[in-house]
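Written out below as structure tokens is the structure these notes cover.
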Amino acid sequence: MIEFDNLTYLHGKPQGTGLLKANPEDFVVVEDLGFEPDGEGEHILVRILKNGCNTRFVADALAKFLKIHAREVSFAGQKDKHAVTEQWLCARVPGKEMPELSAFQLEGCQVLEYARHKRKLRLGALKGNAFTLVLREVSNRDDVEQRLIDICVKGVPNYFGAQRFGIGGSNLQGALRWAQTNTPVRDRNKRSFWLSAARSALFNQIVAERLKKADVNQVVDGDALQLAGRGSWFVATTEELAELQRRVNDKELMITAALPGSGEWGTQREALAFEQAAVAAETELQALLVREKVEAARRAMLLYPQQLSWNWWDDVTVEIRFWLPAGSFATSVVRELINTTGDYAHIAE
């Protein structure tokens, strides 16, 4: 299995180095749910600004403040502790008057707004995230500048970030140990983390191998394509390749790679043979996903950061802004820019 740091680059290995997250203010994330609170209902959506607090810790503190069980507070995604983040929490408080949430106090946290909502906020129920990153001590400004220009046109590999695999790859190692035994894993969080790490590693491997062929954006017979921003896909046939290639070039369609699991992967013929060969050595992880009935799915191989802009504060410091859809990783953008001395594994998804 290819380690995250050794995955194939789309724009070649960066020539320069830089520092990611010298302080929390260098990594700002603003969650975009894609909808507004309903204004009524048994749930309360709370938008919180936090610095130095992880999401679960804040959710538990909010539950204590509201005198409800911790399981009654949900969120769409984990946000990094060592960053400045805005995100929504959702508390189920039925049949009660609206609590005065402006009185909620927690060091490093501030309630920005809150309103009633009809539905529980579930994990993954967000449109995306807006990022403002500051890279410091950049050793090669010209290289980073050109890479930013290239990323605007060609995007970056849509890799799952190193944080998906845990500190030191602990989640992937757990999955491998589990795959080698039939011992049940009772802890639901461990099950989720380990299965997610296994499937993500296989996806990354397929994309890395496709990049080695230099045809990551070239449609081949049997590729599974999806409309940009959509989840469903269809299979490319030889007769359609020219027209489909035009639509891929126009970023109307995205070529996908497998998220292996039980059931058919989605590709056929040449594309399927390539994907199977790319992960042929990882029989244990594939068997684990099938055994645990994790359904196969698809994910776009390339990621195009939206609203990408940047500003050089000086020759060694650059502020970069962009928006990514849910499930994408800012660190997969950064790794195409610099060889960073920051720690990816400590950046929450």
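Each Cβ is built from the backbone N, Cα and C atoms, and glycine gets one as well.
Copied over from Swiss-Prot, here are the features:
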- Phe27, Asn129, Phe329: substrate binding site (BINDING)
- Asp80: active site, nucleophile (ACT_SITE)
- 155-303: domain 'TRUD' (DOMAIN)
Whole-number Å distance between the CA of Phe329 (substrate binding site) and the CA of Asp80 (active site, nucleophile)? 12
Between the Cα atoms of Phe27 (substrate binding site) and the residue listed as 'active site, nucleophile', what distance do you get, rounded to the nearest Å? 9
Across the whole of the domain 'TRUD' (155-303), what does the mean pLDDT come to? Round it, please. 93
Where does the residue listed as 'active site, nucleophile' sit in the DSSP three-state scheme? coil
Name, in the order they occur in the sequence, the residues of the same chain whose CB lies under 8 A from the CB of Asn129 (substrate binding site) and which sit 6 or more residues away. Val29, Val30, Glu31, Asp32, Gly77, Trp323, Leu324, Ala326, Ala330
